[in-house]
Structure formats: structure tokens, C-alpha cells
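Annotation comment: TrEMBL describes 97-122, 176-198, 240-262, 282-301, 322-344, 356-373, 423-448 as transmembrane segment. Annotation source TrEMBL lists domain 'STAS' at 469-679.
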Amino acid sequence: MERIDQSPVKYAVHRDVLDELGLEEVAQKGTWSIKPTVGDKVKESLRCSVPSLKHILLTWIPILSWLPKYSFRENILGDVVSGCSVGIMHLPQGMAYALLASLGPVYGLYTSLFPVLVYVIFGTSRHVSIGTFAVISIMVGSVTERLAPDEAFYFNGTNGSLTVNIDARDAYRVQMACSVTLLSGIFQILLGVVRFGFVATYLSEPLVRGYTTGAACHVCVSQLKYLFGVKPARFTGPFSLIYVIGATIIIHFCGVREDYLIDVVGEIPSGFKAPRTPDITFFSQLIGDAIAVAIVSYAITISLGKTFGLKYGYKVDSNQELIAVGLSNTIGSFFQCYAVTASLSRSLVQESTGGNTQIAGVVSSLLMLIMVIKIGSLFEDLPKAVLSTIVFVNLKGMFRQFMDVPLLWKTNKVDLLVWLVTFISTVLFNLDLGLALSVGFSMLTLIFKTQLPHYSILGNVPSTDLYLDTEAFRQIPGIKIFRSSATICFTNAELFLEALQQRSGLDVRKLQMEKKKRAKQEKMAKKEVKKSVIEIHLNKEKNLSMHKDVAIFLTNTSSNGFGHVNSAYQYDATTSEIDSGCHSENNLTPILYEDEKDGRTCMSVTHSIILDISTTGFVDTVTVKMLKNIFGDFADVDVDIYLAGCQACVVEQLEKAAFFESIPKTRLFVTVHDAVLHILRKLGQTDIIFDASCDTQM
């Protein structure tokens, strides 16, 4: 076995200290390639050539890229076996999940056929199984039951009793399901065309898992009526889950229902109906539901697709997946299919049985075609209670997600809170409102994270150019290195300024007031001196004694009680330089720090502050204004401000915001270490960073 050398690797870098101007010169910024303008990009996109046309076709129709390269010898056997296995699962799941959508079982079979073929052509994942899914089915069912309740289809029976026109109700519900599917598909296609696939990143994994777990509870409750053979009144809206449960228990256990005839699947027509355009007049009533269905169906599909893509080393295009799912929904709605997404159970079966490509989806669709045309009638006498048990069994994986709670408790309390809020809001307030509340709460946690970042003062690791939190390492005397763990933006700019003053120990407003007070006192002292001189000339007879009084007075007023030398009598040319970095020691704010080696408390002064903004990925107008104010305010109290670690995109944004018109680029350094060396070099103490002691005077 080869022995690995455990000795530390050392490196040495010799270069000049670089500020932004030096970096531009060394990197030859003027020779960089210029970014194309928007007009150039539009012109380039409108140019038509054979390579560009081929690239567009392969991007928008992925099957054209992988089907010609398909290896029959390596893949066909696994794809056929996988397709047959998934097709067998499609049959019971399609019929069972159609009941969740409050549709006839045959519509679940349609949904397991047409959208799958569409995804085979336009999808980029090789392993996901598109079709019916419990969560999406219950979301569609909430729409159909709300807009087509039983009460809207009552008519007087032969004996005068009210009876539900089941045929009219079911036909209307199919229209509702197809309309919401078409609208959600249109939303997905539009988002995919504008490259908005990143929207799924805002649905974090704890949110998706909490939401699907809450939806699983709705699914289970919706199947109780079939499992117990009862017909409770329908409830919609917030707390409907509680009302269903209560009505089912009362009806079943109190003997209210006398007829215990078994409810079966019923007629499953052979063949297919002609394609029909969904009714778009319902769109105004379905916008909110369609958006929720579009987001959830895409989020589930892309999460599964990314998982398999990482496992097997191929790319899953998030934008193309959005278009693929959107086309599956849109085209499927014309064939009386309802919304689809990837199924975890079927996808795992498709992968574990040897499926390598979406040819498995073609095989499963052919199997479903045979079932719909020839075998469907054999399942007409299947009890709905059996389909309910199928639903319960397939929800096993979702209920296992309750194990996320103890895991998140140990790893991340914020994610745990998102999971719990999502689950509870989904269970109590229904799927659409629950999703909205969950996303809103997730956004709030993100806002709080940016509002409450970790602020730290950095210290130098001895004999290195590394700067870490000062809890473990001592600060460089006279220099404060301040860093925020989050991007500085308008939401936390004020907090950043407050934390800077608190952690640096410099109350700028208080120091400015004291400086104004000193200036006022100096002005008064000058007037008194001038008045005394005039009196000296007017009282020549008391010249000798008056000169003595003036001498004493000048001695007292030259130092005004605040340790500041009267500038009217002592002038230091170095203080007039803007970027000198050198200040009169009496002008600096005393700061106490403790030496690590011997624990002695030493006196130093803060003359320079370095803002490490390497974590900032962008700057807005509020941030630019705040940084300008920091430079100006701290300059008023004789403290120099420097920036370090600024990303190139941030420098570009600062240039566009005219930041460097008032702040020279010599205040912006490549790294914190460059800024520190620059400050120490101006003070003539460049060795302090490696050998700092309490007696060092800055």
C-alpha cells in the first residue's frame, strides 16, 4: 500500500501589494473581451445557419440527440423489462389516482398513456416515470369538487327525492380537470421558454417533502369513504380535512347508512374518444389552482430528475424539463388527461429493473394502449375499496418522510421549522392555500437569514496571510477587519452599519459630536486669545504683567482638555493628505485589546478599518450610498476605510454607480492581506503582521 506523505505542503508568493488600479494594470483589464450588447445578442439569435438550426432542434427536441445513438445490444432488454414493470404499475395507480381527482378510472388510464409519450420526445431525464401521482391528483380533485359539487347537479327523482345526476357531474368535472391541466401546462411552457427553470430552487427540499407529506394526509382521508363504503358530505376550503374525517366516522360507526352495497369501478369504455379542446372560459376561475399545480408538478419532476442525473452522470436541463412537463400537460389535456408529474415509486421501479432510457416509457405506453383497448373492461367489477388500498400502499414512501423531523432537529432547526409549517398549513388549509403559505414562510426565513447574518472582526493567523474570526486569533493593533457572512443589500444595509460600529467600538455619531464640540471650544479659545492680544496693545502701562497672563493663558488653551493640539498654532502638513493614512496620535480613538501570549492588556488606537466584502455578490443603490457614507463619516473622525476582496462583478456595478468618483480605487484591494500590508507600509511597520507586540505604536 502506497504511503501518503502527511507533512504540510508549503508555498510562497512574491508579488506587489495590489489595489484595484494595480490589479487592472497587472491583469491588463483593457484587453479583456468586451461583453456583447443586448442588440448583438438579439442579432446573433436571429441568424439562421445549419449548425445553429441543428443546435436548436437538439436542444428543444432531445430525443433527436439520443435516439440515433441508442444501443440496442446494451439497452433494449433492460428498457423492455423496465417498461413492462412500470406499465403494470400504471394500471392500478392510474385508476386509483383518478378517484383522487374525482374522475372516472378510465381518465387515469388515459393520463398514463398520452403524456408519457410526449415526455419521451421532449424530456431530458432517462429514468423518471411521468404519469399520475397522488399529490397532483388530489390537487386536481380539489378543483373539480369545488367547481362541480354534487349539490349543483341535484334533480328530483321518481319519488320526489333529490338525486345527483352523476353523468352530468362527471362530464363537467372532466372539463374542469382538462381546463386546469391546459392552463398549468401553458404556464410551464411559458416559464420554460423564458428560461425560468430556476424557480424550482425556491422550493427547498424540506418544503417539498413537508408539502407532499401533508398532501398524503389529504389523500388518505379522501380514500376513507371508499375504504369504509360510506358517502359523507363533501367539504372544501380550510379545515376540510377535519370535517371529512369527522363525517366519515359518524356515518360509519353510528349506523346512519343502511345500504352497504359495494361500490365498484363501473364501466371502462374501450378505445379512445376524439381529441377535444378544453373549455378556456374557466381559466379566470382556475388561475391560482393552475399555478399551484404547475409549480408542484415541475418541482417533483425536476427533483427526481436531478437525483437520477447526478447518480448516473448525465445532465438534466431544468428549463427543458419545464417545457417537457408543460407539453405533456398541454397536449394531454386535449385527450382528456389531467395534470401529470414524475412518480417516485414508478421511477424507482423503472431504474431498479434495468431501465436506461425513455424507451421504457414507450414500452409502458404501448402496454397501457393494449389495456385501454382490450383489457380495460375486465376491471369494471373491481371494488373501489381495493383501489383505495393501492393508494394507501403507494403512500408508504411519503409517510416515511416523517423521519425527516428528528433528522432536521439535529441538523438544521430552520429547515425543520419550514417542514413543520408546510406540513401543518397543508393539512389544515388545503393544498392551494397551504402551498402559498409555505412558500411565503420559506421566503421569510430567507429574508431573516439575510437580515441576521454573522458579523465578525477578523484576526491574522500568525505568519500567514489568512484572516479568521478573532475569537481564536489576535487583531492587528490599530486595524479592524470587519466581515459580514451575507451579501450587503438594502434589506440589511442599516444593520451592517450598526454592526460595524458596535464590533469596531467606534460610535461615529458620538465621535463627530465630540469633534464638533472641540472645534467650537477651539474657536472660542481663539477669540479669547485675540481679545487678550488687543487688550495687551491697549494697556501698554500693564504690558509686563499682561504678557505673563497671556503666556499662562496660551499654555492652558493650547490643549483643550480633549488631548487635541490647537491647530491654530501647530500645523502638520501630513494631516491634509486625503489618503495619507497617518493621523496625530491624539486624534485617534483608544481601543483596548488583550495579547494572546501573556494575557496583558495593551493600549492601541483604531486608525484603519478594512471591510471584507468578498461575500457580497451584488450591490444596489442603497449599498452604494451606505458605503459612501461610511467612507465620509469615518473620515470625519480620522479613521481610514478600505475595501477588500471585491468581486469583479461588484467592481463593475460600483463603477456604473459612480462610486469611484468620490472614493479612489486606491482604497480597494484584492485581498485583506494586501490592504493590511498597504496600511502597515505607510506607517513603516510592515513587520508587525508577523511579530506584533503590545508596545507597537501605530
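Backbone N, Cα and C define each Cβ position, glycine as well.
Between the transmembrane segment (423-448) and the transmembrane segment (282-301), the number of CB pairs under 8 angstroms, six or more residues apart, is three or more, so the stretches are in contact. The stretches the transmembrane segment (176-198) and the transmembrane segment (322-344) meet in space: the count of Cβ pairs below 8 angstroms, excluding pairs fewer than 6 apart in sequence, reaches at least three. The domain 'STAS' (469-679) scores a mean pLDDT of 72 in the predicted structure.
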